[in-house]
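J.: Below is one structure. I have some questions about it.
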């Protein structure tokens, strides 16, 4: 066979059986599209993890700091960053274990994307699969909803000619084009650009806040109420719970066993963005953030801010694709289209997935509060509790531990240390994340519904100009209006 042909062979690396594609594409025509479109390296996985981990939530972290206070905000970011990295590591271990067992049985995954619920099914049975599938799909569904809500919230800062509901319709149609992206292999250039966009936005917010300085009479009184405290903590839990797509990202890698430390490294980079942003904006505006869950709303409109808004809109489109692609896979498998070779047929089959996302974004347009609610009720189980319990039960027998493909590191205390960490994660997230966080976030979320109602046309938009007395200098007042919009008021009654 010619060296230019693609040959797929089974390669054993240690105890892990992986599928690798050998051979190089013919000519420049194939090389250029592959450079931008077809990724599977360690670097691609890192870009995917870092880009997906922090998107619109970057804009709500200063709001969380106003609820938590500076010290608690910093500590929770570091703590949940490490905890998220740990459970992502557990997911990677379980994926490798599952895939190795299946490939020893001669199962071929060349035209099949492995997903988290299939890992649970193969290792622990159908009941685990059903629970994992329910939580994972619901989380990813609302994760996609949050991106649409964020798009409408952000674009309103640079164009308020349309209400937020109309912007949701428009961006829902735009985001529906993600049905044409086949898999996570094809997010190479998007992940790279997404991380650049997030980095720009983070440093814009940080530098703009420092240059702006503290507002007159600034107060930093947080934490003041338990409801606000646990709502803020749960938003940070949500921030570092973006690894619901870990299995799909791993499956897109040429060498998935190299994933183990990628999420931790991605988290360390993300912390260099989230910590300065939250601290700087909170330092500058203090308790004003309790009434402004979107950090853009407190900064004056400049070309730099408009650029940050536009870049975040593009990045939210990318993150919508990250959250929705696993849902596309699940739907394809349910209707028997997953192994179809036609991209157009698969894209058409995926469109029904977008409709409920669009609808839910119109029902619950509560940017900010919805993050904490999803974090406490869904993220807590999907990416923290279930992976930790799954690891405990998968390796509960001595035989399973002895034959494990990946043995725990001595730095974690081998099996005893690993089990201890897992139990701590389950207990902490169940009590603090789901228990207290669920109570606080649902209290806040219900308050939004009582205050604004479902299907609100323009969530916390300022009143029309005709409803208020015109200021002396109309043009200047109009330009400055975004500074004082009472967006996203989520202070508890």
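Count begins at 1; order follows the chain as displayed.
Glycine is treated like the rest: Cβ placed from N, Cα and C.
If you look up TrEMBL, you'll see 38-431 marked as domain 'Amino acid transporter transmembrane'. Taken from TrEMBL, the feature transmembrane segment applies to 74-96, 133-155, 167-185, 192-215, 227-249, 261-285, 307-331, 351-368, 374-395, 416-439.
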J.: Please work out which recorded stretch in 133-155, 192-215, 261-285, 307-331, 374-395 has the most C-beta pairs separated by under 8 angstroms from the transmembrane segment (167-185)?
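T.: When the Cβ pairs under 8 Å are tallied, 307-331 comes out ahead.
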J.: Out of 133-155, 192-215, 351-368, 374-395, what stretch is closest in contact terms to the transmembrane segment (227-249), meaning most Cβ pairs under 8 angstroms?
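T.: So the stretch in question is 374-395.
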J.: In terms of Cβ proximity under 8 Å, which residues at least six beyond the ends of the transmembrane segment (261-285) contact it?
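T.: Sequence-remote neighbours of the transmembrane segment (261-285) are 42, 45-46, 49-50, 53-54, 58, 61-62, 64-66, 70, 73-74, 77-78, 81-82, 84-85, 88-89, 92, 198-199, 202-203, 205-207, 209-210, 212-215, 218, 220, 239-240, 243, 246, 292, 295, 298.
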